[in-house]
Amino acid sequence: MSVILPESHPEHPFNLIPELCRRFYDLGWATGTGGGISIKMGDNYYVAPSGVQKERIKSNEIFVLNSSQDIVEKPRTDKQLKMSECTPLFFNAYRMRNAGACLHTHSVKCVLISLLCDREFRISHIEMLKGISNNETKKALGFRDTLIVPIIENTDFEKDLTASMAECMEKYPESCAVLVRRHGMYVWSDTWQKAKGAVECIDYLMGLAIQMKQLGLEWEPKDVK
C-alpha cells in the first residue's frame, strides 16, 4: 500500500485488518484464534496479534513494525497482547517478494489438499485461475495455465517454518502461495486487494479440487480444448 492513509480511513491497516479478520473468521479461515494478517503501508508493517479471537480484534490492538521486524508501536490497549507467531513468515513475503500484504489461513480445504498432495498442488483449465497472478511476471494466469502451490512440512512452532518457507519460495518464484501440511496456507501479493483476491481464488480451487477428486475428475486434464 503506497498511499499513506489517515487512521480514520476505513482502509488504514488499523481498521482494515480487523475487518478482514472478521471476514476470514466468517469463512472458517481464522477460527479458534488461528490464522493471521499483515499489511504494509509506507515504511510500516501492521500485524494482527496472536492467540486472540480474530473476529473480535479492535483497531487499537494492532502491532506496527519496521523493516527490521522491530516493534515501533505497540497496541494502544491495556491488554497484554502478543505479536503474531506468523510474523517471521510474513516478512519472508515482504523481503523476498516485496509484498504489500501477506495472509495466513487455516482453511479446511487447504489442510485437506495438503493431505491429498505430495509436494505440490496443481490444477489447470478452471476459470477462477484468472484471479491469481504469476508472482514473477505479475500477469494473471490464464484458463489453460497451471496453478502450482508448493507444500512444506509443518513444525511444532510457527516460527520454525521460516527457513523452509523461504527455501520453498526460492524454488517456486512464480508462486504467490505456500501450503503448510496439516496446517494451512500463506498467500501474498503487491496489495492487500490482490492478496485477498488470490487467497479467495486459491481456496475456491482447492475446494473444487476436493470435489473433483471424489468424482474421479483430473485436476490437470490433457484433453480439454
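Glycine residues also receive a Cβ, built from the backbone N, Cα and C atoms like all the rest.
Straight from Swiss-Prot, the features:
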BINDING   Cys86  substrate binding site
BINDING   His104, His106, His183  Zn(2+) binding site
ACT_SITE  Glu127  active site, proton donor/acceptor
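In this structure the alpha carbons, written CA, of His183 (Zn(2+) binding site) and Glu127 (active site, proton donor/acceptor) are 27 Å apart.
Sequence-distant neighbours of Cys86 (substrate binding site) (same chain, six or more apart, CB under 8 Å from its CB) are Gly36, Ser38, Val47, Ser50, His104, Glu158, Tyr186, listed in sequence order. Over all protein chains present, the Cβ of Glu127 (active site, proton donor/acceptor) has 8 other Cβ atoms lying within 10 Å. Take the mean position of the Cβ atoms of His104, His106, His183, the recorded Zn(2+) site; other residues of that chain with a Cβ within 8 Å of it are Gly34, Gly35, Gly36, Thr105, Ser107, Cys110, Val180, Gly184, Met185, Tyr186. Scoring each of the binding-site residues (His104, His106, His183) by how many neighbouring Cβ atoms lie within 10 Å, the top position goes to His104. Under the DSSP three-state reduction, His106 (Zn(2+) binding site) is assigned to coil, being neither helix nor strand. His106 (Zn(2+) binding site) sits 24 Å from Glu127 (active site, proton donor/acceptor), taking the C-alpha atoms as the reference points. A helical conformation is recorded for Glu127 (active site, proton donor/acceptor) in the three-state DSSP classification.
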